[in-house]
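Pulled from TrEMBL:
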TRANSMEM  38-55  transmembrane segment
DOMAIN    156-357  domain 'TLC'
TRANSMEM  167-186  transmembrane segment
TRANSMEM  206-224  transmembrane segment
TRANSMEM  231-250  transmembrane segment
TRANSMEM  286-308  transmembrane segment
TRANSMEM  328-349  transmembrane segment
REGION    359-404  region 'Disordered'
COMPBIAS  387-397  compositional bias 'Polar residues'
Amino acid sequence: MAGILAWFWNERFWLPHNVTWADLKNTDEATFPQAEDLYLACPLAFCIFMIRLVFERFIARPCAMGLKIQTNGPQKATQRYTGEGFHCYNQGGACVLFIILYVLSNDMCATMKTKICRHPDEKRLEGLSKQLDWDVRTIQRWFRQRRNQEKPSTLARFCESMWRFTFYLYIFTYGVRFLKKTTWLWNTKECWYNYPYQPLTVDIHYYYILELSFYLSLFFSQFTDIRRKDFLIMFLHHVATISLITFSYVNNMARVGALVMCLHDAADVLIEAAKMANYAKCQILCNLLFAMFAIIFISSRLAVYPVWILNTTLFESWEIVGPYPSWWVFNLLLISLQLLHSFWSYLIVKTACRAISKGKVSKDDRSDIESSSDEEETPPANHKQHSSSGTANGTQQKSRDTAT
């Protein structure tokens, strides 16, 4: 174990040439970042998660109720067993679906079960249509309703967005308040002068630990939060963010790291505010906030970030300090973030174009659509309603809009 730790904390990887860990030990005159400082982030991440639960229950939920946000989830398809098969009814009693028990109970793998039960292919739909004497549209509608019943309520979405909005607003305000007093906000070359012998201030230490704790809580809670269609992208984003925070703190790139975090928090405040306005059905406010978010996101991530951040980490640091192994890793992580920025900017522009054509913002392709359940209903055709005695009556139903 000692050999592994010695290899991992190799000075030639983490630090510039002719600098050792002994040079960055805390003294009475100066305090430097220490790797063990980051251990505090793990229990704090748990505390932040617990604070979130309390916040959503006692603050966000009453606010949502005051805005008359619906507490019920999507319409559910109730179900029961019968002697020969599995009958499923929708809440209004106008749709009855009969599925042979073989489909649900044979020993096929769980993945195939999910694929058949949630997303049946065209051949299976045609087989059910002939077997039940129903049109394919009606069967598709039932399966869509079956998938949508797992979608969380609007109230749950609102509470999650309000929590994130509150944290991002606080941490962004704190970051701006202390960064505006620094010289390296206005002259990024100050991030590298006298590097790595730059003392750690209380403000930067607090800022780093709080940001790292928050993203650790997001990293673990994303497995239980509302499932979004960009889950993998957000997973990679959290990994890159946590790695960047850790890397920049350990090798004392905290100055430029604070700039990166503050820049990213600016747009996140607006997107969460736009989501809350959307859930509260304040469409004009939602459109305005989304427009502001799109402008700030694209300008900050595709213009300010490469010109201001990447320029100083790639070129100014090369000129003043010079490259070393962890320098390459740090910049590689920053470039990977830039690739994610480009992908999300494409989705934002796509959402904006759709909003202009429809006259409103209804969905955020960036992160607010559930991958498996947030699908729009389509109006079903007339179909036959089967009762337990085998009789059938024609009926027609209207679909309900399930936009986010």
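Cβ atoms here come from the backbone N, Cα and C positions, even for glycine.
TrEMBL labels come from automatic prediction, so no person has curated them.
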- Who are the chain neighbours of the transmembrane segment (328-349) in space, where the CB to CB distance is under 8 Å and they lie at least 6 residues beyond its ends? 230, 233, 236-237, 240-241, 243-244, 247-248, 251, 253, 260, 293-294, 297-298, 301-302, 305-306, 309-310, 313-314, 365-366
- Would you mind giving the whole-number mean pLDDT across the domain 'TLC' (156-357)? 92
- Query: Who are the long-range neighbours of the transmembrane segment (167-186) in its own chain, taking Cβ under 8 Å and residues 6 or more past its ends?
  - Reply: 203, 207, 210-211, 214, 255-256, 258-259, 261-262, 265-266, 268-269, 272
